[in-house]
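Please read the structure below before turning to the comments.
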Amino acid sequence: MKSFLMFVRKEFYHIFRDPRTLLILFGMPVALVTLFGFALTNEIKNADVAVLDFDKGQHAQQVQHRLFSSGYFGLRDYATSYPDVAAAFRQGHVKLAVVFPVGFSRDLDHLGHAQVQLVADASDQNTAVSLVNYATAIIKTYEQEHTKRPAGAGPRVEAVARLYFNPGLKAAYTFVPGTMALILLLVSAMLTSITIAREKETGTMEVLLVSPMRQLPIIIGKILPYFLLSFINGLIILALGVWVLDIPQRGSLALLLAETLLYILVALTLGVLISTRAASQQTAMLTSMLSLLLPTLILSGFLFPLESMPLPLQTVSRIIPARYYIVILKGIMIKGLGLRELWRETAVLAGMAGGLLLLALGSLKNRLA
Amino acid sequence: MTNPPNNAAAGRASAAGPVITCQQLTKRFGDFVAVNGISFEVAAGEIFGFLGANGAGKTTAMRMLCGLLGPTEGAATVAGCDVFREPERIKQHIGYMSQKFSLYEDLTVRENIRFYGGVYGLKTAAIREKTTALLQRLGLAAERDTLVGSLPLGWKQKLAFSVALLHEPAVIFLDEPTGGVDPITRRQFWDLIYEAAARGVTIFITTHYMDEAEYCDRVSIMVDGRIDALDTPAGLKRQFGVASMDEVFLHLARGAKNVE
Amino acid sequence: MRTVWFLLEKEVRQLRRNRSLLGLLLVAPIMQLVLLSFAANYEIKNLNLAVVDQDHSPAARRLLNQFQYTPYFRLVQTRPTSRAAEQDLLDGRADLVLVIPPQFERDLVRGGRARVQLLVNALDNVKAGLASSYASSIVQAYQGEGRPATVAATVSEVRGLEVVPAYWYNPLLNYKTFMVPGILVEIISLIVMMVATLNIVREKEIGTIEQLNVTPIRKWQFILGKLLPFWVAGLYQFTIGLLLARFLFHVPMVGSVPLLYGIMAVFLAVPLGLGLLISSVSQTQQQALFVSFFFLIIFILLCGLFTPTEYMPAWARAIDRLNPLLYIIDIARRILLKGSTLRDVLTPVLTLLGMAVVVNTLAVWRYRKTSG
């Protein structure tokens, strides 16, 4: 036990003797979570739009007025032809053009039917789809209020929608938990992935391995200091989420912290596993960056809906720890759920932590043999 | 500090004057004075021993002379180049072998020689010629395609020394070059040093081993950033009235403050 | 130049002997590109639908059928009460609950009008918006008959004012067209910058850098010798990536591929130079890694591939102006999809060139052969 404590103390020395790393360690997550919390959004604001009005009639005017007073769109320029629109797209100032065909107003008044075209620059596909969706919704509202219909032609069944959990449809509710999960995972895993690899490189790992200490205490001793550091990081990140980025905290704080600890444990053991397998610090770091950054971004459900992915990739996404922590974060903080609803995700994370620990132990033993 | 070089060294030295000169050379890191106004001269072809306890400032002094570290004040020249103004020109005229191992372990013997030869601007033909000669001299011909990482430490040291001499520098700086090997290997290493000195190369060496100090033409002993003694080994023993360099060293080091 | 050649030769030899690094450099990016490109799809389908049918009438069943005819919804639960269905929203089992009230059919037959309720899980704003608009369209289109219809068809029938979207440059809204070039550039930047970052500081930790520092090697020669091997590796990755984009993902290539190559060559000098700069100011590999990670994650998340950058707060947009990925992804997209020429993309290309010159000059300047 005494040798174990000495060992843990040694790890702390490594960390605190290097103030520059410490600054990076605590400063970086704050900067990143804040930056992404504000900058990552899919809400559209004042998007520049070109108008190609062949109609010049009353309805065309009013539809434009609707669009440009909504706050979502701003008029950038009037095009006079399709090539004008193409030129605007090529220069990249404008991503959407609204086209009113000749006779638009007349047709709408007399025939009760007219077309408006939304031309989007789909080379930037996300934006294109969002812009078209927003504009369609606005034009639809105009239609419902201002077009005359024969009696009884309206919808017979009316749908009344109620929005749960996020009635304001804030983008932050998706992006902030995702960012928190991503940063916490990467910073924690990178920390431990380096530590064992470094001992291997400097040869001190051999010394530890021939010492009478068993592998489990070595791994725990390696993890413990970083566990503390990462937990402090986790607290900072959660606090930023609540106080700076306006994510509610509706569920149990104790549960939130316990789940965060569990998630950090998974991240740290993942780092340990990577470093027991890697030959040098360099490969350990590259492996952790490569295997964690983009896969977590893309396969965790943070940015892309999991249920649209091809089945094999949905299966792959099940081994991404962030996937579960994101569900847990949203569940506790936004929906106010308890362990009763989140036990499955919790069990998966606990299983991952255990499994990774066993694998890391196995790799360490192999090195001895 | 104006003791003339002993006779053996004087015999080897050219008439061109000192290769290394140092006047009141000082290095401060904040409040800490690592090297405190040292002055000395080293003649061409001399083997100059630079002794001192860990932390006495000898590595710092050596790094300044090699152009790796900017001095704070004083004056120094190496091979006629000013340490303050021309650190890059110095590098053409010196060889350097550090205590931290300096060859690439993941390159073979021949690849290391080729690389350093190339970096010093040797012609391809010269590199080829020197490689063969060097391998022959060290008896490493059979190991020429072995990764340096898998050579025994003593061989690595000899190889590193020979590589540092590849471009025929006027001075070679050796920073504890023989750490961690047995006395026989160390003796072999010193044979290489003598060979080089006989060719007129000035040797500037730091060491912990007092038997090595005995091999030097002159020895300086640093304590707390200052040079407390500088003479031939025989002269030093006489000065302190002791029988061995060990005792000279202990006598001086006892008063030190900055010992690691 | 001869010195640079010797440096290059040495770097390449070291690289060749480092199997794991070589694997990370040459194989991993390709695997990642293939894997991630299939996953990076914003299209929303297969929304989980729960139903509370309190009417149990043929009319209610027909409405439900309308939902199942579309690819957007799949029925996962049938619940007796709204309360039970709300639990499905809480657990995340359902994205949307359709509540058909009692007497739905009676209201429809007698009064000609009826009402249903949609309970939407709005946690994800985009998904919620689409789910409710798809569902509303289906409901509005429903006239009480059991005729199958696609959402698009029914929508246009009902509307007096028809909105016809036209997606130029990517008419089928194929996400891969949009994502593959972007992900490719991200992966390449990630790898080359990391490798460059760890390179110099590694020589520092091992101690070999000091041996180089006592040689008469010039600072620019040193940086160039470090940069070139990874620059070639980056172009190799780009070549394989483009081949995959063309033949596996069928990304259209309207514009000049050689032009894109040339620009990529300029671009690569930016992450490489930045990596070398970080490497030469760091004391340990760990520090270098974290600093490099900091830059990379910002570059990757704010490059416009995953979320639009136009609508970020002004201060964030100002920061993002320094993001080299923002420019190269925009350029790649314009050349490949729109056929833009060098004239069209001159401004971002010059911006990248400027960045490359600045970071590499800084890297040369900050690399110290003689320390203070």
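Backbone N, Cα and C atoms are what each Cβ position is placed from, and that goes for glycine too.
Taken from TrEMBL as is:
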type: DOMAIN; residues: A:128-367; note: domain 'ABC transmembrane type-2'
type: TRANSMEM; residues: A:21-40; note: transmembrane segment
type: TRANSMEM; residues: A:171-191; note: transmembrane segment
type: TRANSMEM; residues: A:223-245; note: transmembrane segment
type: TRANSMEM; residues: A:251-274; note: transmembrane segment
type: TRANSMEM; residues: A:286-304; note: transmembrane segment
type: TRANSMEM; residues: A:346-364; note: transmembrane segment
Do the transmembrane segment (A:286-304) and the transmembrane segment (A:251-274) share at least 3 Cβ pairs under 8 Å, sequence separation 6 or more?
yes
Which sequence-distant residues neighbour the transmembrane segment (A:171-191)? Criterion: at least 6 residues beyond either end, Cβ under 8 Å.
25, 28-29, 32-33, 36-37, 40-43, 165, 226, 229-230, 233-234, 237-238, 241, 245-247, 260, 263-264, 267-268, 270-271, 274, 285, 288-289, 292-293, 296-297, 300-303, 321-322, 325-326, 329-330, 333-334
Long-range Cβ neighbours of the transmembrane segment (A:346-364) (under 8 Å; 6 or more residues past either end):
209, 215-216, 218-219, 259, 262-263, 265-266, 269-270, 272-273, 276-277, 321, 324-325, 328, 339
Long-range neighbours of the transmembrane segment (A:251-274), counting only residues six or more past its ends (CB under 8 A):
181, 184-186, 188-196, 219, 222-223, 226-227, 230-231, 234-235, 238, 284, 287-288, 291-292, 321, 324-325, 328-329, 331-333, 335-339, 342, 346, 349-350, 352-353, 356-357, 359-360, 363
